[in-house]
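Student: In case it helps, TrEMBL gives these features for our protein:
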type	residues	note
ACT_SITE	Cys114	active site, proton donor
BINDING	Lys20, Asn21	phosphoenolpyruvate binding site
BINDING	Arg90, Arg119, Pro120, Ile121, Asp122, Leu123, Asp301, Val323	UDP-N-acetyl-alpha-D-glucosamine binding site
DOMAIN	5-400	domain 'Enolpyruvate transferase'
MOD_RES	Cys114	2-(S-cysteinyl)pyruvic acid O-phosphothioketal
Amino acid sequence: MFLVKGGRRLCGEMEVACAKNAVLPILAAAMLTDEPVTIEDCPNLVDARNMLSILETLGCRVEARGKNVVLDASRAESHEMPEQLSKRLRSSIFMLGPLIGRFRRARVSYPGGCEIGQRPIDLHLKGLRALGVTIREAHGMIECDGARLRGADVYLDFPSVGATENVMMAAVLARGKTTIHNAAREPEIRDLQNFINALGGRVHGGGSDRVVIEGVKALGGARYRPLPDRIVAGTLLAAAAATRGEVHLRRACPGDLGAVLDKLRQAGCEVESGETEIFLRARTLRPFEVSTQPFPGFPTDLQAQFMALACAVEGASVIVENVFENRFAHAAQLRRMGADIFLSGRLAVVRGGKLYGADVQAGDLRGGAALVIAALAAEGESRVENVELIDRGYESLENMLAALGASVQRI
Ligand code: UD1
């Protein structure tokens, strides 16, 4: 758990680590090549470590060299995902595309992950079927036969991030051209494209709603540094705002945080940005409205943290969650700290004001980060339990916050 003493302003400067949501598919895509791949500054996250364990189980050699990770999948020969590991994180579903691309077959179990709504994988499977893959689902396992894998037009009913990435990875080594229509436009997809192209792939359009993949016979090796984590950056900005602090983030990709910086300004923060830097100063804040959307809209992965911020701002803020149907579990915990939150379906109305320290439990990764933000802004001491969920997506959040002057201790 974290022991948080609230009431201190966050102040200082910090560099933002590489993005979890970029690293996970990139690690999976390393299975597509026989040549060694170096991922620079690979964040030390529980989810990334689990993904590396999956790769090792599949026969990929994994070696840590300082902050870098070197992967060598030349001797990988298994197309079967270990069931226990895949249950532990949803991103294990990312192995489907690379395994089909490389071995023309894959066997995985239904994935685990955060409890935030149904999170089905029908769009992943539909996309793979469009590429000629035969899929059988039985006893919780998914068996894919990709003997007839070939490029095709894929239409996604919803711009799913994971489905876009899976189809991209399956299509890289397929014969012919694949076009993904209504693709997700998240920056992490552009990053996956850049990684695949660094290996010698031919992908373009990543970051737009139409991604084109021209199949190649084989891929080579590369060194690659994934893009900065916009969700970590947004979390630190929300924490600084909630404590009326002042932070300067370096390597922070303001271009990928447009909707978030706009909300912070609406809330009354002073925000300035350079090409890779963000500076925020918060003094007197006002309520705001947030409505989550696929990129470039406001990210659902910052909804909880902004709800915590709203709790620390005098007046009524409104939050609408459009991406996941069940992503307000943190509200009940925030109420334990004195927050006044009205919920109805996908809508939350927060009447912000004063927060008081309390014992609370993280229920999921981003919800956990939200509780830490509320604890930082609260009067008195809080204990935030289940921090192992927070460790899935933040590399020692307590050290990051302590470096900015907060009192957070891991116990
Ligand atoms: C990714 C991110 C996650 C983020 C989410 C939305 C990673 C590792 N995770 O998750 O942090 O919260 O994008 O920005 O990158 N859906 C279906 N059928 C499918 C797939 C998705 O109905 O086959 C629905 C989901 O239930 C959800 C919505 O589509 O309501 C968005 O999901 P998706 O974009 O696929 O999110 P993930 O890739 O799981």
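For all residues, glycine too, the Cβ spot is worked out from N, Cα and C.
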Student: Could you work out which of the binding-site residues (Lys20, Asn21, Arg90, Pro120, Asp301) has its C-beta surrounded by the smallest number of other C-beta atoms within 10 A?
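Tutor: Checked Lys20, Asn21, Arg90, Pro120, Asp301; of these binding-site residues, fewest Cβ neighbours within 10 Å: Pro120.
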Student: Distance between Val323 (UDP-N-acetyl-alpha-D-glucosamine binding site) and Asn21 (phosphoenolpyruvate binding site) at the Cα atoms, whole Å?
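Tutor: Rounded to a whole number, the Cα-Cα distance is 16 Å.
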Student: How many other Cβ atoms sit within 10 Å of the Cβ of Val323 (UDP-N-acetyl-alpha-D-glucosamine binding site)?
Tutor: 20
Student: Same chain only, sequence gap of 6 or more: which residues have a CB within under 8 Å of the CB of Ile121 (UDP-N-acetyl-alpha-D-glucosamine binding site)?
Tutor: Ile93, Tyr110, Pro111, Gly162, Ala163
Student: Measuring Cα to Cα, how many Å separate Pro120 (UDP-N-acetyl-alpha-D-glucosamine binding site) from Asn21 (phosphoenolpyruvate binding site)?
Tutor: 18
Student: May I ask you to report the DSSP-based helix, strand or coil state of Asp301 (UDP-N-acetyl-alpha-D-glucosamine binding site)?
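Tutor: Asp301 (UDP-N-acetyl-alpha-D-glucosamine binding site) sits in a helix per DSSP.
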Student: Across the domain 'Enolpyruvate transferase' (5-400), what does the mean pLDDT come to, as a whole number?
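Tutor: Mean per-residue confidence for the domain 'Enolpyruvate transferase' (5-400): 94 out of 100.
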Student: Please identify, among the binding-site residues Arg90, Asp122, Leu123, the one with the smallest Cα-Cα distance to Lys20 (phosphoenolpyruvate binding site).
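Tutor: With Cα distances computed to Lys20 (phosphoenolpyruvate binding site), the winner among Arg90, Asp122, Leu123 is Arg90.
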Student: State the three-class DSSP label for Asn21 (phosphoenolpyruvate binding site), counting H, G and I as helix, E and B as strand, and everything else as coil.
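Tutor: The three-state answer is helix.
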Student: Using Asn21 (phosphoenolpyruvate binding site) as the reference point, find which of the binding-site residues Asp122, Leu123, Asp301 has the shortest Cα-to-Cα distance to it.
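Tutor: Result for Asn21 (phosphoenolpyruvate binding site): the nearest of the binding-site residues is Asp301.
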Student: Tell me which of the binding-site residues Asp122, Leu123 sits in the most Cβ-dense spot, judged by other Cβ atoms within 10 Å.
Tutor: Leu123
